[in-house]
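According to Swiss-Prot:
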DOMAIN    191-276  domain 'RCK C-terminal 1'
DOMAIN    279-361  domain 'RCK C-terminal 2'
TRANSMEM  4-24  transmembrane segment
TRANSMEM  28-48  transmembrane segment
TRANSMEM  65-85  transmembrane segment
TRANSMEM  95-115  transmembrane segment
TRANSMEM  158-178  transmembrane segment
TRANSMEM  371-391  transmembrane segment
TRANSMEM  393-413  transmembrane segment
TRANSMEM  439-459  transmembrane segment
TRANSMEM  464-484  transmembrane segment
TRANSMEM  493-513  transmembrane segment
TRANSMEM  533-553  transmembrane segment
Amino acid sequence: MSDIALTVSILALVAVVGLFIGNVKFRGIGLGIGGVLFGGIIVGHFVSQAGMTLSSDMLHVIQEFGLILFVYTIGIQVGPGFFASLRVSGLRLNLFAVLIVIIGGLVTAILHKLFDIPLPVVLGIFSGAVTNTPALGAGQQILRDLGTPMEMVDQMGMSYAMAYPFGICGILFTMWMLRVIFRVNVETEAQQHESSRTNGGALIKTINIRVENPNLHDLAIKDVPILNGDKIICSRLKREETLKVPSPDTIIQLGDLLHLVGQPADLHNAQLVIGQEVDTSLSTKGTDLRVERVVVTNENVLGKRIRDLHFKERYDVVISRLNRAGVELVASGDISLQFGDILNLVGRPSAIDAVANVLGNAQQKLQQVQMLPVFIGIGLGVLLGSIPVFVPGFPAALKLGLAGGPLIMALILGRIGSIGKLYWFMPPSANLALRELGIVLFLSVVGLKSGGDFVNTLVNGEGLSWIGYGALITAVPLITVGILARMLAKMNYLTMCGMLAGSMTDPPALAFANNLHPTSGAAALSYATVYPLVMFLRIITPQLLAVLFWSIG
């Protein structure tokens, strides 16, 4: 059997063993996708004992490509809601994540001085404990630049391998422990997160208001500022027993009932101007109007603003709200349509059918994946991650690397949505398949590389003490900040788990957090919110520690 065939076969075996381990649960808690790492260590040990030779170049390519696939699909998934989340809660999340990095660096410095751990070893333990491979590479590079002998630099890789598996376990254990301590109901947390997801952090509401302000009598809707803006949509008007879709030129009269859509604060302002809320139903049942949800799939309308399509004027149809990647938005005129947007339309059946034809509403297109944008995005992400950033006083340039670059590029492209006929929407099933494939490939290789000398170092060397040091570097920051975030900031549990995983730049921990609830995207969103800044800090922290320890001896 050729080296390539043998390598692929071993990787498949690792995936099977690891996924089996991950599916084993104790009291409902399992390793999930993180089990692949331990499957790799087990198989790697026996591969080493049998003297098998695997293709190191192929393993390296598979590891990096798997990581790229994982972070890219995460970015595409959360991109549409990422920047809205950043405005609402991003500062708080990033402050907690930075605190985790700082505490981890302090614990590392204390361990280095107290136990006189060699610099390469402690940097490797730090990188493994925070499960950050780019930190390992950055640390090795600066050690070489500082003139450290190669045999000492290689020790960094072994100590990294010792700390890495238990770094992952530490994150999973912390999530589980916090869940037990605070008696978290995951379903309740998911519902609370879902209820707070909108562009401004408030749930989109509807309200029926009676026109009671005499100053509004006989005015056109376009002449009433609060109804002609982008914060509130008037989707229905009822006069006596007649229900109709209002247009900008529709004249309102005292006693008219208006069905308004918007955020609670804006609807409250509308009440102050227009009149009181009423319990009268403005349902389309039994009328010649209907409400339908239509999906944007026509490439000709991508990137166009809602107001430029003139649906009200041409078809007498109102877009009452817009759902983008699970986030409910007020359908303001300035919003540009993206592939996969779901629009709530109100109008007559024939008019809605005409608008649906304009928008596309081709359900089969939602199941298709455009592969060209995928590889364009990955290529641009790799280029972004390869750009060196020179910082005064640093002997080596800093880079986002193959993990940070594709993630940031995917966030940007996911937010843009489309450029011309290229759209970065990816069906959820396809996104999940690529994401799971990527993380399985990445963890399989990491486990295989660690498995060869893992048992020997653990039993006969200083492996146990290295693991202990790594456990402290992992656990102390996570537990401290986790308790603070829950007690002081009342942070949502799923959001907190994503923040903890992101603060350790740990894809397996994110996979575990995602599996806590089958449909909630809270963990992925908070992970992506903190990941870019934390990745940069994780890359420069070992370099800062190396320069600091080297200078003070």
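Keep in mind that glycine also has a Cβ here, set from the backbone N, Cα and C atoms.
Bear in mind that the values here come from a model prediction, so they are computed numbers and not experimental data.
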Between the stretches 4-24, 95-115, 371-391, 493-513, 533-553, which one has more Cβ pairs under 8 Å with the transmembrane segment (158-178) than any other? 493-513
Across the domain 'RCK C-terminal 2' (279-361) the predicted model averages a pLDDT of 86
Taking DSSP states H, G and I as helix and E and B as strand, how many residues of the domain 'RCK C-terminal 2' (279-361) are helix, strand and coil? 23 helix, 27 strand, 33 coil
Okay, the transmembrane segment (533-553) and the transmembrane segment (28-48): do they have at least three CB pairs under 8 Å, pairs separated by 6 or more? no
Could you tell me what the rest of the chain brings near the transmembrane segment (533-553), counting residues at least six beyond its ends with Cβ under 8 Å? 94, 97-98, 101, 104-105, 108-109, 112, 119, 122-123, 126-127, 130, 132, 134-136, 138-139, 142-143, 146, 391, 393-396, 398-401, 403-404, 407, 502-503, 505
Mind pulling out the one from 4-24, 439-459, 464-484 with the most Cβ pairs under 8 angstroms to the transmembrane segment (493-513)? 464-484
Which stretch from 95-115, 439-459, 464-484 shares the most C-beta pairs under 8 Å with the transmembrane segment (4-24)? 439-459
